[in-house]
Amino acid sequence: MINAPTIILVGPMGAGKTTIGRLLSQQLDREFFDSDRVIEENAGADIPWIFEKEGEEGFRRRETQTLEAMLSEEQQPVVLATGGGIVMKEENRAMLKQQPLVVYLFASVAQQLQRTSKSNNRPLLKQGNPKETLTRLFALRDPLYREVASVIVETDSRHPKTVANKVMDAIKKHLATEV
Ligand SMILES: Nc1ncnc2c1ncn2[C@@H]1O[C@H](COP(=O)(O)OP(=O)(O)O)[C@@H](O)[C@H]1O
Ligand SMILES: O=C(O)C1=C[C@@H](OP(=O)(O)O)[C@@H](O)[C@H](O)C1
Ligand SMILES: [Mg+2]
């Protein structure tokens, strides 16, 4: 595992990308990045503010720039959590597909709904009915997560530590079978 490449987490809002990414980075003693946090730091503003002032389009532009910068920098292997919409742009998917270790954290819509109901900082869930939004986005994005991922890990009804261990096992298995 010491030699494992950068681990990139994709999946819907509430899958646990940020939470599991941090745990994995601790277990592997690696740096952790979250594309959403990097976007916020570079913008000097939070995501709701960016959506309000620049629209989703402005946010997506920043997201692509951030992904590009993070993947092109020569760096030690890190753990990178992405935002749930990273797969919407073709150019992002092309970048992700070139990466050796992209993990899709799968969560059912019911579980996404439960986990995202605790916070207030996801602009896409602030308008309309969150269940309908998550259902619509899942139908659109689930095939795209599958398209870019090399490993899929189910997260429903599992404690974050259990999910992190499952990801580690799945990565080991994947790296062992890859030639
Ligand atoms: N496996 C899990 N079991 C229970 N709660 C979780 C799990 N993974 C994440 N959470 C919680 O769900 C919420 C959303 O998690 P987060 O890591 O922000 O997801 P994402 O980055 O994929 O949107 C947080 O409150 C987090 O503590
Ligand atoms: O699914 C999406 O389009 C988004 C997911 C969010 O990240 P998380 O998946 O970490 O919540 C964040 O990037 C933004 O609110 C948009
Ligand atoms: Mg997140």
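A Cβ is built for glycine as well, from the same backbone N, Cα and C atoms used for every other residue.
Taken from TrEMBL, the feature ATP binding site covers Gly14, Ala15, Gly16, Lys17, Thr18, Thr19, Arg122, Arg158. Residues annotated as Mg(2+) binding site in TrEMBL: Thr18. For Asp36, Arg60, Gly84, Arg141, the entry in TrEMBL reads substrate binding site.
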Filtered binding-site residues, from Ala15, Thr19, Asp36, Arg122, Arg158, whose Cβ is under 6 Å from an atom of ligand 2: Asp36, Arg122
Rounded distance in angstrom between the Cα atoms of Gly14 (ATP binding site) and Gly84 (substrate binding site): 9
In sequence order, those binding-site residues of Ala15, Thr18, Arg122 whose CB lies under 6 Å from ligand 1: Ala15, Thr18
Contacting binding-site residues, sequence order - Ala15, Lys17, Thr18, Arg60, Arg122, Arg158 vs ligand 3, Cβ under 6 Å: Lys17, Thr18
Listed binding-site residues among Arg60, Gly84, Arg141 whose Cα sits within 10 Å of Ala15 (ATP binding site): Gly84
Subset of binding-site residues (Asp36, Arg60, Arg141) lying within 10 A of Thr18 (ATP binding site), CA to CA, in sequence order: Asp36
Arg122 (ATP binding site) versus Asp36 (substrate binding site) - Cα distance in angstrom: 11
Chain-internal residues, separated by at least six, CB under 8 A from Arg158 (ATP binding site): Lys166
